[in-house]
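Report on the following structure.
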């Protein structure tokens, strides 16, 4: 399992062996070398220029240049979205660009599109203005036509009255009609369009500002009009304001501007009006044709950009990431080479050397890059080689904390234990099949969904699709054990072993049953379901099963702490942590598990609560009818003493031995072989800079005391915490039973098709919403807690940091 161990190394059991390496790269091949290392994706660069700001670094100009190109690409993406186009996923052959050529090309395209957008905006504004002008001409012409018709009818009526000589005719009207035309007041007018939601306020302000000395005529435009200024559809009214005098005119014009009313010239000459309408209509058709041609050309340019957008975007991202990485490198003394330092897996050494050699040949460099391994004083990063199946399980562990370098990885066991503990709480093979089919759909269409933007919840479900399908498979398995299909039992593996003694025992307990066949071969006998003793029986079964599973998993955690100590050659942790912890846990709860198994095998009626409680209170008393096997009393006394001895065993020796080790190490530090003099000087410098802190015995003792108390109390609380498996399993079973009996069977009993359909719909929604969504989430969170707290705290430190290699694959996934 480890270096110097006899067990084989597993990919997920421990992180990959890492090494600190230095690469000396000639300037002429630096860009190509970093590019090839980015394609390989197995080297994590260290920043050797932490003292410099981004603007002081060597390649700041190139990064600024790449950033400008990225800005142009974002502009193109906006134009593509405006046109409703997406970047083509097909590779465009024969269109390879160098960065310089691409920069020129992007500049030309941006200038062309900017000019086209500006011209289109001007033409569209002119078109919208002409469209509004045409509306004003048409509506205002109707105003004047109606006014002229009204005036003509009034004159005709006046003529008739003169003939009749009626005494009722007003005297002033006669005076007005006979007044000389040259002496009449000439009214001016302003016409245009005003937004409909402002029309009432517009009319009110005009009246108040001119003290009622204007006449306003408005008419509603039925269809919304595209406003020339805003470029949006707005509901408007056509207005004509008649005024008298220059002061009134100025006021009207200012009010129009304040309300955003667009004014257009108008004449009261009928001939000129018709001529203007004809001219405007002609200009509108010409502008429409011009805009359509321009839009077609714009669409073709954007389409050509969309065809190559992904290729250009990837090239710019790669170049930007290459120069960012080059900025982390430092110059050597001669200023002719760049020096890189970083971490890489040991297995990648040959691949990195091949990439360096290839970069030297392809760049025609006379000097090759030098790859050398350095001695690392700091802890290396943690790197696990995962695939699409194991990565989700590893993420569950990493969410708690990244494994320390080379420590035992709980992710390997999580692949089995996590879905199994979930299934213990979610045991129903009907629900498991539903969950399986839903997840299988995601897995079948994973190629399509992996390239799409999904919602937050859908993204989480898709990312954990392999975790969910394992959970569903285990749920089907535990559902067969519990013999529940939407809470309904089936005799899948044979007939029940029990039968009624007579027809009157249907509602009786198991006393009314007799065993007539062999024991039911797999899972719970279906005869238990629906009886009055179902709940006590399943409670007892699931509670004891939860304790067995919990003790087994906690023992696994302590055993892994042994393999950690053995791998890191820490004998103190083996003898003064692993051994007493195993003794303490199994003296109490391991013994309880043994009693459960013995009771199941013998069919004894012994009270396990009584045995465990009086093991502490009265260890010397006889067990009486609670005795399960010979010598049980003496075994209990031995186990109790072992548990009591284990506590000081954990607490006292380890701090004393650590102090002794520290003193021995510092006593022999003054003496060293001559050939390692340089290394000693380096180590002294390292220690003087905080490599080793002063040993504080009191702090170590307090830390060990806390650790011991935490383990002793945690053994009790963690075992009790595993009872959530029983509680969640019981809750799931009872909810499923309630939905089946109180919704589906109740609806079935009414003998009505409508009520049955409603009952089926309610049952489906309750099953999906409560049992398949909420219960799944609840069981998932509880299984997560059992792994993070009860299992991983026995051995897992989780204080490492992830290996983040420079890789173009990860750069491509990041958004700008």
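Even glycines carry a Cβ here, placed using N, Cα and C.
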Tell me which range among 71-98, 99-126, 127-154 TrEMBL lists as coiled coil. 99-126
Need the matching range: TrEMBL marks transmembrane segment on one of 420-444, 495-519, 520-544, and I'd like to know which. 420-444
Tertiary contacts of the transmembrane segment (545-563) (same chain, 6+ residues out, Cβ under 8 Å): 1-2, 408, 410, 413, 417, 421, 424, 573-574, 577-578, 581-582, 585-586, 589-590, 592-593, 596-597, 715, 718-719, 721-726, 786, 790-796
Counting only residues at least 6 beyond its ends, the same-chain positions whose CB falls under 8 A of a CB in the transmembrane segment (575-598) are 544, 547-548, 550-552, 554-555, 558, 561-562, 565, 604, 606, 608, 611-612, 628-629, 635-636, 639-640, 642-643, 645-647, 649-650, 653-654, 657, 711-712, 715, 719, 794
Proximity verdict for the transmembrane segment (465-482) and the transmembrane segment (634-652), three or more C-beta pairs under 8 Å: no
For the coiled coil (99-126), what is the mean per-residue pLDDT, to the nearest integer? 92
